[in-house]
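A.B. asks: According to TrEMBL, the domain 'G-protein coupled receptors family 1 profile' annotation covers 43-294. The transmembrane segment annotation in TrEMBL covers 27-50, 62-84, 104-122, 142-165, 198-227, 239-259, 265-285.
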Amino acid sequence: MKADNHTVFYPVIYILIGIPGTEEHHFWIAIPFCLIYVSSLFGNSLLLFIILTEQSLHEPMYLFVSMLAAADLLLSTTAVPKMLAVFWFRAGEISFAASLTQMFFIHVSFIAELAILLAMAFDRYVAICDPLRYTIILTKSVIGKMGLVIDTRSFCIIFPLIVLMKQLNFCRTNLLPHTYCEHMIIARLACDDITVHVWYGVAVAILVIGSDIVLIAVSYGLILRAVFLLPSKDARLKALRTCGSHVCVILMFYVQAVFSSLAHQIGNIIPGYIVNLLANLYVLIPPMLNPIVYGVTTKEILKRVINLFYRSIDGPIPH
């Protein structure tokens, strides 16, 4: 449903066209994307299964890891299946309601992951800087309330975007030069002034993302100071090893997000297909790597993964 630049229309159907400029390679691009997505599904599902079924892992740190795994599953599953359909079957049609739904869940999962990473930083801060009160401060009730706050905050930040989007009039093409529905990509198709959308995005970036980054940095600064004051070398190494996995996940998440955001801002300098590819990697790479990082670097989780593997092949569990 194409329209000229002077006719206002309600966008019943959008058409996702994938990565412009690489159409002849879409089939082959989709193969690694599919493998990454399958790895993400398997890794995060396994992580959730182990944490939820192992009573000994029902501790604050692991409960936050399970929240992160759930957010990763939501992020990748919201975006990637449609992405693969565009690449392999050219099935890019998506209704306006479905595009808003996809946009909502992609952005909600992004904001939720920010808050979960902040909660994990706070968890490590309490565990290392105030260990005697750790179980008193971070009870299961408190963690449940933190999870509710994370979900509520994410909803309250993103829902206004949906309301704003529904107020727009569209008078341009309904072709989306992307593999999934992203807020500003859709907003730029409107014939109305989208200044409010731009400033809302800036406000979220500064007030929400910026404040989360600052609080995470402060938390780990205090953690490092406390670690190097520990009397035992073994205790220092254990604390650094535990925090190392969290720092790796944080760096992966923020580096991907920052590169994707910067690429959109200077898209007139960077070729469009590179901007688009970076945006795709953002919803693919962190969900795949997060369970690998925690599975390999966290001894308790790795031990249970190995035990589960040996039980599945009916072999003896090594000690």
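Placed from the backbone N, Cα and C atoms, the Cβ positions cover glycine too.
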A.B. asks: Are there residues at least six beyond either end of the transmembrane segment (142-165) with Cβ under 8 Å to its Cβ atoms? List them, or say none.
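C.D. replies: Contacts with the transmembrane segment (142-165): 60, 63-64, 67, 100, 103-104, 107-109, 111-112, 115-116, 119, 183, 186-187, 196-197, 200, 204, 208.
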A.B. asks: What average pLDDT is reported by the model for the domain 'G-protein coupled receptors family 1 profile' (43-294)?
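C.D. replies: The predicted confidence over the domain 'G-protein coupled receptors family 1 profile' (43-294), as a mean pLDDT, is 87.
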